[in-house]
């Protein structure tokens with residue numbers, strides 16, 4: 001607590017708490033400010049904020065400041081014009097990642113992959129900008145924009161955002177839907193749900209229902225979810241891909257923690273695939289660990305054992321499983337297959353199983369983003385005639401064949417009688 005209060009005094013917006021702790025910190029204010037001034041002289045900086053920026057000599061990667069234009073309230077051209085009036089120079093659409101790497105000063109670009117994403121130099125701060133406070137722009141890392149972008153639901157769709165807080169991906173989904181459809185957003189933490197409600201309201205999102213509920217307790221057979229065809233699943237993870245993690249945070253989680261996280265991730269992914277109308281699902285994490293990424297996807301796809309298959313379809317690699325209900329007039333064979341939804345993305349999944357190259361990875365060095373993992377699963381249903389109704393089955397079943405011949409003979413005699421009459 002004393003460290004937090006010192007930070008608020010020197011770098012934040014002042015002390016807002018009361019009681020003896022505030023009095024204690026305030027009593028030493030002069031000494032703290034003198035020490036701060038001495039540190040700025042030593043580091044050769046003029047602003048307090050400069051002490052918080054990682055030194056160029058460290059190995060900490062620097063990623064650009066990504067700004068997603070909220071198309072529920074504005075458009076890309078208007079936001080570009082706004083920043084121009086604020087003294088920024090617009091350089092057009094980026095042609096490569098190197099263009100993003102070269103950004104400096106008050107210059108910005110349109111991202112080369114995502115059409116509603118603007119890119120500014122690292123450490124550009126927009127938290128007090130009018131466009132941010134009014135919800136016209138969302139400060140969201142490029143990798144975090146990939147899940148909704150790849151889910152790509154058409155307007156009018158019903159969607160589940162299974163682990164939704166703080167809500168940036170939910171607002172992105174609403175923008176893609178143009179607020180036409182329905183988003184069911186779940187999170188178990190009441191404070192995070194309240195924060196998400198504030199964010200979504202500020203962003204102009206209307207087609208959503210928030211629920212403080214563990215997604216694992218949601219019944220896939222509930223009639224209110226019968227039209228859910230798209231699911232975005234971004235479960236809790238180690239967060240090892242986040243560039244701005246505090247130094248004191250655990251950089252390498254223990255094997256036991258990774259195992260616990262992976263177990264939870266497998267459960268929620270398996271649960272999400274149970275929704276009967278599901279067509280497409282995006283699974284993502286901000287983790288670098290194979291245990292939480294490729295291994296989770298492989299494990300869930302292998303749940304059905306020997307019914308799995310691996311191959312290609314339409315020129316795209318797939319890895320999936322099939323399952324049907326024998327004995328019906330038509331057997332629906334359902335395949336959950338891993339598809340390559342973004343072939344132009346440079347970083348692919350680790351070679352943990354055949355087809356893992358369909359997955360996407362992101363990293364500060366290769367894509368100038370936070371570390372991220374994304375997998376896209378689609379349901380494919382094949383219809384096959386059941387044995388009882390197959391012509392081939394009739395040939396193999398003498399009794400069935402005999403019955404068909406008797407029926408044909410009766411119809412022939414009836415036609416002759418009609419002709420005579």
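One is the number of the first residue shown, and numbering goes on along the chain from there.
Keep in mind that glycine also has a Cβ here, set from the backbone N, Cα and C atoms.
If you look up TrEMBL, you'll see 55-380 marked as domain 'SAM-dependent MTase RsmB/NOP-type'.
Look at TrEMBL and you will find 163, 164, 165, 166, 167, 168, 169, 187, 214, 234 tagged as S-adenosyl-L-methionine binding site. Around the Cβ of residue 165 (S-adenosyl-L-methionine binding site), the number of neighbouring Cβ atoms within 10 Å comes to 24.
For 286, the entry in TrEMBL reads active site, nucleophile. Cβ neighbours of residue 286 (active site, nucleophile) (same chain, under 8 Å, six or more residues apart in sequence): 143, 144, 237, 239, 240, 241, 242, 370, 371, 372, 373.
Under the heading region 'Disordered', TrEMBL lists 384-421.
Residues or ranges marked as compositional bias 'Basic residues' by TrEMBL: 409-421.
Confidence annotation: the domain 'SAM-dependent MTase RsmB/NOP-type' (55-380) carries a mean pLDDT of 88 in the model. Each of the binding-site residues 163, 167, 169, 214 was scored by the other Cβ atoms within 10 Å of its Cβ; the lowest score goes to 214.
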